[in-house]
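Participant: Take a look at this one; I'll ask things after.
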Amino acid sequence: MASAAEGDMEAELTRGLLWGFQDLSLNKLATSLGASEQALRLIISIFLGYPFALFYRRYLFYKDSYLIHLFHTFTGLSIAYYNFGTQLYHSLLCIVLQFLILRLMGRTITAVLTTFCVQMGYLLAGYYNTATGTYDIKWTMPHCVLTLKLIGLAMDYYDGGKDQKSLTSEQQIYAIWGVPSLLEISGFSYFYGAFLVGPQFSMNHYMKLVRGELTDVPGKIPNSTIPALRRLALGLVYLVGYTLLSPHITEDYLLSDDYENGSFWFRCMYMLIWGKFVLYKYVTCWLVTEGVCILTGLGFNGLDEYGTAKWDACANMKVWLFETTPRFTGTIASFNINTNAWVARYFFKRLKFLGNKVLSQGLSLLFLALWHGLHSGYLVCFQMEFLIVIVERQAASLIRDSPVLSRLASITVLQPLYYLAQQTIHWLFMGYSMTAFCLFTWDKWMKVYKSIYFLGHVFFLSLLFILPYVRKVMVPRKEKLKKME
């Protein structure tokens, strides 16, 4: 009887322990936080960068380069496996293909074009084969980061074969003069501080890290702990805020009957608030990963004029500008900085032969839309960005050149009202653009746009055609002649 009772107790205890472990599973934890298991894995993986960075600082700084490349490759592959399982083969395959392209085709335009077609083609095929009606965290997420890295690598390698005098000062900084090995390309690609969500950085910058050059104290480990912790702390603030508010400010509500039946002004205000809030998940990830990059030294960006170390080489966010700017161009300049810099360096500036800056900008935004995915919402979002930036520049130029508008804009007592009006317009139409980006399928974003009567398109297309006529009336002829001269 006693043994039977003990057996029952053991069975009960085993069931209790199993239930406890199940209760502590990632899925249950994610559910309790209002997130998906994949999202929780992503956050855990990003934070894992800190112990990896500490290990690197303690044991590998100034060690043999092959050890550092192996460490970065192993940790990056581990993160890939933890998040995507055996689907990590996609990144491995593209890295090996890129190595072969560079070795077999050399420093040729053929290698650059082949790289662009192969890497972008693979990414777009991945988008096509994994597409669903909702946003999912899958292997294509880090792969889009990798795609830009490998295309940039091919272009820098190509520049390294040119006469140095024919390169711009920027191209000379990034040009690769040596021949990267497979291990070097792997370490560069899988670096744990940027593999999942960025930021973008060049092979040359990565190799400076490996050689121990990215430090404010030559010959010693960088004094980057405090700057890294500051970015981590700021990232945690955004993470807590997003976690607490995300159950109450959702994109699903935009599709609900409750939203559609609300007043027009309510629909606009909800879109404004949601448009600001939805970006915080990206801000969180980039601030946390920036802290990892700073901790390793990758974030070192030289010294300022006072001899103080700058740690913004991997900054993907200018938080103060992001939170305070009343302009769309200000948000663009403060958000996803390194990706925007990559597009400017490797795409926009390389289209100079077209002789048309607006066309180059439009093609760059089209590339960004395709890079994000094949859904129509991405195209609509970046089309709106293109339109808004053009109109904003027209409006700024009109106010600057018109004596009447310039005097009105300079009235101090009215500055708070101007700022409030600008911020309202700014974030309302940021939310309008982000609606297509986040809902991304035709039926979803079209439903929301119909509910607010395509306000963003009507407002900015109207201004695009009206502002030139307003300029003729408001800007004196002498100002126009002076500008032409």
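Each residue, glycine too, has its Cβ placed from N, Cα and C.
What Swiss-Prot records for N336, H372 is active site, and it gives similarity to another entry as the kind of evidence. Taken from Swiss-Prot, the feature N-acetylalanine applies to A2. The motif 'Di-lysine motif' annotation in Swiss-Prot covers 482-485. Under the heading transmembrane segment, Swiss-Prot lists 35-55, 82-102, 108-128, 139-158, 176-196, 232-252, 283-303, 362-382, 420-440, 448-468, citing sequence analysis as support.
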Participant: Rounded to an integer, what is the Cα-Cα distance in Å between N336 (active site) and H372 (active site)?
Facilitator: 13
Participant: Indicate the candidate from N336, H372 with the smallest number of other Cβ atoms within 10 Å of its Cβ, considering only these active-site residues.
Facilitator: H372
Participant: At a C-beta cut-off of under 8 Å, are there same-chain residues at least 6 beyond the transmembrane segment (362-382) that contact it? List them, or none.
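Facilitator: Result: 120, 123-124, 127-128, 131, 144, 147-148, 343-344, 347-348, 351, 354, 433-434, 436-442, 444-445.
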Participant: Determine the mean pLDDT over the motif 'Di-lysine motif' (482-485), rounding to the nearest whole number.
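Facilitator: Taking every residue of the motif 'Di-lysine motif' (482-485) together, the mean pLDDT is 56.
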Participant: Which range wins on Cβ pairs under 8 Å with the transmembrane segment (82-102): 35-55, 176-196, 232-252, 283-303, 448-468?
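Facilitator: Going through each listed stretch, the top one turns out to be 176-196.
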Participant: Can you work out which residues elsewhere in the same chain, 6+ from the ends of the transmembrane segment (176-196), have a Cβ less than 8 Å from its Cβ atoms?
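Facilitator: 42, 45-46, 48-49, 52-53, 65-66, 68-73, 75-77, 79-80, 83, 91, 95-96, 98-99, 102-103, 141-142, 145-146, 149-150, 153, 156-157, 159-160, 203-204, 206-207, 210, 285, 289, 292-293, 296, 298, 314.
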Participant: Could you pull out which residues elsewhere in the chain have a CB under 8 Å from any CB of the transmembrane segment (35-55), counting only those six or more residues past its ends?
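Facilitator: Hits for the transmembrane segment (35-55): 26-27, 29, 71, 75, 79, 82-83, 136-138, 192-193, 196-197, 228, 232, 239, 243, 246, 285, 288-289, 291-292, 295-296.
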